[in-house]
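Presented below is the structure to which this report refers.
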Amino acid sequence: MANQFDVVVIGAGPAGYVCAIRAAQLGLKTACIEKWTDDKGKTALGGTCLNVGCIPSKALLDSSHKFVEAQKDFKLHGINHSGVEMDVPQMVARKNKIVKTLTTGVGGLFKANGVTLLEGAGKVLANKQVELTKADGTVEVYEAANVVVATGSRPVEIPPTPTDGDLIVDSTGALEFQETPKRLGVIGAGVIGLELGSVWGRLGSEVIVLEAMDRFLAAADEQISKESLKICKKQGLDIRMGARVTGSEIKGKEVHVTYADSDGSEKVVVFDKLIVAVGRRPYTENLLAADCGVNMDERGFIFVDDHCATDVPGVYAIGDVVRGPMLAHKGSEEGIMVAEIIAGQKGHMNYDLIPSVIYTHPEIAWVGKTEQELKAEGVDYKVGTFPFAASGRALAANETEGMVKVIADKATDRVLGVHVVGPSAAELVQQGVIAMEFAASTEDLALTIFSHPTLSEALHEAVLAVDGHAIHIANRKRR
Amino acid sequence: EEPILSPAARKMADEKGIDHAAIAGTGKGGRVTKEDVVRHAEQKPAPA
C-alpha cells in the first residue's frame, strides 16, 4: 500500500534525517516528512543545523577567522601584504553554497537508502496515522507502524525586543547581514550569541553582549569559563554579565536597548543591529492532534522516556523537541537509537557523554563532569591541567591561548571530565569522549603514546599532571 | 559492583540477554570487552 510505512519520520533535521536513513538501512519501509523550503520554494532538508545553524555559522566563523589572522597575525610570520579586505556578500554567498551542497546531499542519501521524501507539514493523528499537508493545501493521510517526531526547535523571542527581521534579528537573520554592522548588540552570552558576536566582531563590529546571568558559560567548568571570558574580552567582545534587557525602541536606523545593570542601575545602549540569542524552544506548532495521545511536559517538550518513547506505543520523539541538550549530535544519536529499537535491537544512548563545543577561536569544548558538579556531588576528585603555552605544536602554530583540564576520580582514577579552551578543543575533547566510553583511567591515557608534535599532547600532559608527573610543566606540589 | 562494559560489549550482551556480571572481563581492572562477550557466548550455547 502506497500510504503505509513501517516508519514515518516528521522532520528532516539531524535527528530526523539520520533516523530515516538508519531505519531504511535496517530494512524498514521509511518516509520522512519535511516542510522547510529554501528561498526558491524548494524543499530544503537538513533542518536548522544545515540551513540556519551549525553549518552556516561555522562557515562564517572560519571565513571571519581567516580575515583576522591575515590582518593581525600574518606579519608575525613574515608575511607582508598591502591590506586585506572582507567582501561580506561574497563571504555569505560561500556560506550559502555550502548549505546548498549539504542539503542537496541529504536528498541524495535519502534516494540512495530508499527513504521516501514527503514534502509538506506532518501532523500526528490518533492510531499512528500521520496527516501530510502539502504546500498547495492538499491533505493526505499515511498509516505508520511507527512514528518518529523530530520537529526541532526555534529561537525564543522575548517581549522587550521583538524581532523585525531588519534591525532586530534572531540567529537566522544574523547569518544573512550583507554588510558589517558598525555597532552590534547581542542579547545572550551563550553558544549562539558568542559565535555570532565573534563573526561580526572579527569583521569590525563593535560588539556588546548583554547576558542576564551573573556567571559566564554556567554549564562549563568554572576554571575554563573564567579563562574563556578573559580570552573573549581580549578579542574585543564587550560582555556584560548580569545585564537584564527591559526594553527596546527603534529610532530611524538605530535600536536603543534599555537594560538593568547588575548593580540595578538602568542603562541605554544604541546599536545598528541587535541579535536576540537568548535560547531556543521546542517546535510543536500544529503537530499533535488533540486525540493522538502524545503528551508534552510543562516546558512544551514532548514527553519521552530514556528510549525516546512517548506515551503512545510506537510513537517516538527525538532531538530538540525532547529533553536534553539541544545539540545536533544528541538528536542524531537518538535517531539511530530509535531506528534500532524499532528494528528490534537494543538501542542505547549514553546521555552522560554528550560533548559540548563552542566554535569561538580558540574553541571551548568539554565532556563529562565539571569540577563544581563533582564538588556538589561530594565526589573526591583530582585535577590535572596543561597550558597550550607550553605546547611546541601550539607555539609553532601561534595558537598558545588556553588549556586542557582533566578531572578524575581520586579513588578509582577513572576519567570523569575533560575540559578544553584552546586550539582544536573539540578534537581533544573527543579523544576524552572515546576514552570515557571505555571507562579509561588517567593511567590508561598516560600509558598511551601521543604523536609529537601534536596538540593532542596537551591532553596527554594534562592526564600526567593529574598524578603530578607531567613532563613539560613544573608539577604542583601534591597535598 | 556492576562491571564496566565497553559500548560494543554492552550492546552485544544486552542483545544476547547475557547477565553483565556473569562475563569474565579481561580488560584493565576486569573491564569487559566485546571479545569477552563473544567468547562467553561461544562457551555457553543458549539452552535449547
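In case you wondered, yes, glycine gets a Cβ from its N, Cα and C as well.
When the candidates A:GLU176, A:GLU211, A:GLU266 are compared with the NAD(+) site entry in TrEMBL, which names A:GLY188, A:ALA189, A:GLY190, A:VAL191, A:ILE192, A:GLY193, A:LEU194, A:GLU195, A:GLY279, the shared residue is A:GLU211.
TrEMBL lists A:LYS58, A:THR151, A:GLY152, A:SER153, A:ASP320, A:MET326, A:LEU327, A:ALA328, A:HIS329 as binding FAD, and of A:GLY27, A:GLY120, A:GLY122, A:GLY293 the one it places in that same site is A:GLY122. Checking the recorded positions (A:GLY188, A:GLY190, A:ALA328, A:HIS452) against A:CYS49 (disulfide bond) with a 10 Å Cα-Cα cut-off leaves A:ALA328.
Candidate binding-site residues A:LYS58, A:GLY188, A:GLU211, A:ALA328 yield none lying near chain B, with Cβ-Cβ distance under 8 angstroms. In three-state terms derived from DSSP, A:CYS49 (disulfide bond) belongs to a helical segment.
Using a 10 Å Cβ-Cβ cutoff, A:LEU194 (NAD(+) binding site) registers 27 neighbours.
Those residues of the chain, other than A:GLY188, A:ALA189, A:GLY190, A:VAL191, A:ILE192, A:GLY193, A:LEU194, A:GLU195, A:GLU211, A:GLY279, with a C-beta within 8 angstroms of the mean position of the NAD(+) site C-beta atoms are A:VAL186, A:LEU196, A:GLY197, A:VAL209, A:ALA277, A:VAL278. Each of the binding-site residues A:THR151, A:SER153 was assessed for Cβ neighbours inside 10 Å, and the highest tally belongs to A:THR151.
For the pair formed by A:GLU211 (NAD(+) binding site) and A:ALA328 (FAD binding site), distance between Cα atoms is given as 24 Å, rounded to the nearest Å.
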